Amino acid sequence: MYIEIIDIYAREVLDSRGNPTVEVEVMLEDGSVGRAIVPSGASTGKFEALELRDKDSKRYGGKGVLKAIENVNEKIAPKLLGLNAYEQVSIDKTLLEIDGTENKSNIGANAILGVSMAVSRAVANSLQLPLYKYLGGVNAKVLPVPLMNVINGGAHADNNLDIQEFMIVPAGAPSFREALRYGAETFHALKRILKEAGHVTAVGDEGGFAPNLQNNEEAIQVLIRAIEKAGYVPGKDIYIALDVAASEFYNGETGKYFIDGTEKTSDELIEYYESLINKYPIISIEDPFDQEDWDSYRKFNEKVGKKVQIVGDDLYVTNVKRLEKGIELKATNSILIKLNQIGSVTETLNAIELAKTNNMTNVISHRSGETEDTFIADLAVATNAGQIKTGSLSRSERIAKYNQLLRIEEELGDAAEYKGIKAFYSIDR
């Protein structure tokens, strides 16, 4: 099969935070067009592929992406025009060769990813296939369990909570549609509880609330109350997940973590997590330690890895080399997948495949600076990942992904599978 790329064009658009980002359009010889917009993170791992920004203080506070746009239009396009769009692996390889650096710092991961995603979409449109079916083939059928970030802290909020995300996980629902309902009803119950307690209910970057509470544990207790108020059973219908983002409160000089107003060693932090796990229906903990604290990950996984999903985000940055190290050390039993951490569709699919082969779960994820692009919804179904993180139950750039998943579930009909608790296959539940 052969279809030529005849045009590639990039432009500067805005993300959900009002910051510039890259949008790319790819046209094929039959007139099919694929468009993709690249997201952007707030708490970024130090090993992520480089997002190229202009650093021109006169435009967008230095956050413009005109250099990345120019790289697409003037460096990438001439090399890709005339190539066969069906050969995604070869195209992504060419993109990496054009850049020539380990972390994509030459032409920018945002430039490369925009093109990589747009090529996938263009081909799916040309074949008149849904994107999930083009990427995943006939076996793409698993709707993901959503990990819904309804209370924000850390780098995502201006409040006193250290943990970055407190999530509800409707793993007890019978279908994705019902899971979304469980989540939405709990979100509204949570809003009422916070309002009655005199907290501000404005939402943060990912659509969650950012109240000032006594400590991190109180946030979990409030979530439990919201689940019950919505008429659900914590630990049966809906579970709790945390994204600690511990690199954000780790002191590299002392080797200690500052959480809940005190400094803790990594062993004390493990004890703290264990006490929470024993008290509350916590099913998943992401980034519990600093991105270079491999030893603490290994210890923690050895202790609780049979009963709680331990997710590496900043630890792995969707990078196969770092994931291989994690597998060797038995550092975690799960990986967070973010397209823009690594910067191409092929490399993302390689990371997902490697994790699955080693009985690790994959959690497909958005970024805090999102857009209306729904690529990750299709990616989750394409890879049968079984889990997705795409924010709270408010803000259109988050809801866009949930709505796309509803459409996919409807389209799949009886073939659609919602694994629920079985999506957490790396733990004993």
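Glycine is no exception: its Cβ is also placed from the backbone N, Cα and C atoms.
Around the Cβ of Glu206 (active site, proton donor), 30 further Cβ atoms fall within 10 Å across all displayed protein chains. DSSP gives Glu206 (active site, proton donor) a coil state; it is part of no helix or strand. Summarising the annotation, Swiss-Prot assigns active site, proton donor to Glu206.
Long-range Cβ contacts of Lys338 (active site, proton acceptor) within its own chain (separation 6+, distance under 8 Å): Gly41, Asp313, Val317, Thr318, Ser365, His366, Arg367. Annotation comment: Swiss-Prot describes Lys338 as active site, proton acceptor, evidence class sequence analysis.
The annotation (2R)-2-phosphoglycerate binding site is assigned in Swiss-Prot to Gln164, Lys338, Arg367, Ser368, Lys389 on the grounds of sequence analysis.
Here Swiss-Prot flags Asp243, Glu286, Asp313 as Mg(2+) binding site.
Rounded to the nearest whole angstrom, the C-alpha distance between Glu206 (active site, proton donor) and Asp243 (Mg(2+) binding site) is 13. In this structure, the binding-site residues Gln164, Ser368 were compared by how many other Cβ atoms lie within 10 Å of their Cβ, and the smallest count belongs to Ser368. When other Cβ atoms within 10 Å of the Cβ of Asp243 (Mg(2+) binding site) are tallied across all protein chains shown, the result is 28.
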